[in-house]
Amino acid sequence: MPSAPLPMWLGYCKLQVERDWEKRERRADCPRRVETTSFIPIPPSSALFDPALPPHLGQLGLNLFSHFYLTTVAPELHRLSERQQLIRSDFHFQVFLCALSFVYFAKALSEGYLKSTITQIERRFEIPTSLVGVIDGSFEIGNLLVITFVSYFGAKLHRPKIIGTGCLIMGVGTLLIAIPHFFMGHYRYEKFSPSNSTTAISPCLQEHNKKIAFSVLEKSQSKVNTGCESETQTSMWVYVFLGNLLRGIGETPIQPLGITYIDDHASEDNAAFYIGCVQTVAIIGPIFGFLLGSMCAKLYVDIGFVNLDNLAITPKDTQWVGAWWLGYLIAGTLSLIAAVPFWFLPKSLLTQRDTNLMRLESRKDSISSSEKSKFIVENSKEYHIHYQERVTMLEMARDFLPSLKRLFGNPVYFLYLCASTVQFNSLFGMVTYKPKYIEQQYGQSSSKTNFVIGLINIPAVAFGMFSGGLVMKKFRITLFGASKLYLGSLFFGYLLLLSLFAIGCDNSDVAGLSISYQGTRQVSYYEQALLSDCNSGCTCSQTEWDPICGENGITYVSACLAGCQSSTGSGKNTIFYNCTCIGITESKSGNSSGIVGRCQKGNDCSKMFLYFLVISVITSYTLSVGGIPGYILLLRSISPHFKSFALGIYTLAIRVFAGIPAPIYFGVLIDTTCLKWGVKKCGYQGACRLYDSYTFRYIYLGLTMLLGTMSTFLSIAMLFVLKRRSVSENGNLENSKDEAMESTSSKKEHLTHNDHIFETFYWPGKETEL
């Protein structure tokens, strides 16, 4: 019968032995091994299985076959099982990597969309910028509530399921932000809207018609009083606060547990690249978030319920509110979908390092008795015991304070933590109010601002993050090199930011606020006066913001304060005539006209906006290049079993000392630059309508530069500590090499007199096997 090759025989071989020595019957239906590498079937009448054979010879054959099974069959089956486990683990790791990337995309999209709707929320709820900063900081407050528990205890629990739970909470919180829109009623703005005919404007009638004017004011005041009853609806910004708080709670486990899960199951060479890919996807999310914000800002807040042709405001008006709620419904749905894959992933995965341990165990078992062959069916999870120790919650809690003390005792980690915290103060403040800065400084609409940031600025950040990870992988940069790359990105990034001080626009010419009614000189904050001789015959409200643009290029707070006495048209097509204040400038004489809305800034401001975009893109790229080196610096400067805890404390510090306070104190300082506040129906202060461009620019950019400079100095101190540590480690390494060479030479002298000992205990392949 032709011989069968070994691998085919392994699949079919089956030994059936019936130990019934009273009946002395034994049978076998598989081939037996012979001295060659082939196997041939042996008939039952063979001498080995002869019924007349003595029992001890049959037992000898069984022992020989057991030895053959342990030395040949078992290792082959073990290698096959090992390959299957590695393939399964690799598949699970790829699924986790894709799922984590999608979660990063969803949470980044939500965060980017929130930044794009900052001004929309401020106008819709009639709240100051500082309160908007509190709403933005509620995300970090949510992180603060659970970050310590998640980062410390979560690493010892089922990390994928914890991330999935966080995604569900994040999705519910995002949907909650949109709830107030469905209970607040239609948005009402301050606007004069005459009928489509030539009419007189009642508040600005001449002296003999003042009685009519006062009657009109009394009627309007009664409407204000009735509207004051529903003013409590604007306090529904609390739901936005709570929704963002839930978003922060749900987002907490994603970063520390997700990054450490990748770092635990990927090789050191690929870990930086994988983390860079995930972070790059996280940067792509805000691109779609800002683009979604741009699309929603074009749509009116009550779209579908209001006739848009009757609107008297445009998207460039400071009272325009877009469909801010629509994007939160989309982002919340994506977060709920992202939670699904994590519920089907294992707690841990088999890595190549665990495979090597299994092979070493198998060699030890093969030398032992045949009873230890059970390693074939052992679960691979047993080899993960080095990071899945079963300890109680009480034991973990007792180790918390010593672990925290040891973590802060690491000077590299502590200095990097301080530098990052200060840097993120500048970044959080700059990013949060960047849309507002562009709108107020360069006169752009919310829709165009969000589109520009999403399509031009954020891709530069994504490319910078990817470039940093690629440089770390390709050049195999050390810990000291990563710190230099991180410092270089900070230094050159904030150096480029200095040039933005010179790239700005002048204040809008608003009569009585930034320029005199004669248009001849600028006025200071203390010289502001909305009333003038040209509108003294009118009964005008000084609290309303209903701007018109005069033919002289000056903006007036309202048609009444411009001295206009008649109008024609309706809505955004209204034209005002006989405006006495417009006609008193040097360029015009007599009565003049004006149109609805603020005057646009000049062509010079459009050029400045282009320069701003170029510098902003280069600065964003430069600063983001140091992102991945900073992450690797954080992970490699601490012990492996402290990684999750260190990332959690790092995230906690960023949330508490940067994410929460930065938007608030940036907002408070920005509020100080306001020239004209809106007023609610009950007379309370609303949202700001006009800012001082000069003061806004110097506060916004100056505070960012100050914080960036402090971060740079802290990074320089960290570099010196790393350099000193590197020098000391190199010295210790040289000393150890000298000692090793001395011990090797002494061993050689000893072995020359004991050749038989060398031949017994040393052979060339011993090191490779062990």
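Cβ from N, Cα, C; glycine included.
Curation does not apply to TrEMBL; its annotations are automatic.
Residues or ranges marked as domain 'Major facilitator superfamily (MFS) profile' by TrEMBL: 96-726.
Here TrEMBL flags 528-583 as domain 'Kazal-like'. In the predicted model, the domain 'Kazal-like' (528-583) shows an average pLDDT of 82.
What TrEMBL lists as transmembrane segment is 131-155 (among others).
Tertiary proximity for the transmembrane segment (161-183) is limited to same-chain residues at least six positions away from its ends with a CB under 8 Å from its CB atoms, namely 100, 103, 106-107, 110, 114, 125, 142, 150, 154, 233, 236-237, 239-240, 242-254, 257-258, 301, 324-326, 328-329, 331-336, 338-343. According to TrEMBL, the feature transmembrane segment maps to 161-183 (among others).
Here TrEMBL flags 271-301 (among others) as transmembrane segment.
The transmembrane segment annotation in TrEMBL covers 321-345 (among others).
Per TrEMBL, transmembrane segment is recorded for 413-431 (among others).
Tertiary proximity for the transmembrane segment (451-472) is limited to same-chain residues at least six positions away from its ends with a CB under 8 Å from its CB atoms, namely 112, 116, 272-273, 275-277, 279-280, 283-284, 286-291, 293-294, 434-435, 438, 444, 482, 485, 489, 613, 616-618, 620-629, 632. Per TrEMBL, transmembrane segment is recorded for 451-472 (among others).
Among the features that TrEMBL reports, transmembrane segment is placed at 484-504 (among others).
Annotated transmembrane segment per TrEMBL: 608-635 (among others), in sequence order.
Residues 128-134, 136-137, 139-141, 143-144, 147-148, 150-152, 248, 252, 255-256, 259-260, 404, 407, 417, 420-422, 424-426, 428-429, 432-433, 436, 634-635, 691, 696, 699-700, 703 of the same chain, all 6+ positions outside the transmembrane segment (647-670), place their C-beta atoms under 8 angstroms from a C-beta of that stretch. According to TrEMBL, the transmembrane segment annotation covers 647-670 (among others).
Annotated transmembrane segment per TrEMBL: 699-722 (among others), in sequence order.
Counting Cβ pairs under 8 Å that are 6 or more residues apart, the transmembrane segment (699-722) and the transmembrane segment (131-155) reach fewer than 3 and are not in contact.
Segment contact is absent for the transmembrane segment (608-635) and the transmembrane segment (131-155), given fewer than three CB pairs below 8 angstroms at sequence separation of 6 or more.
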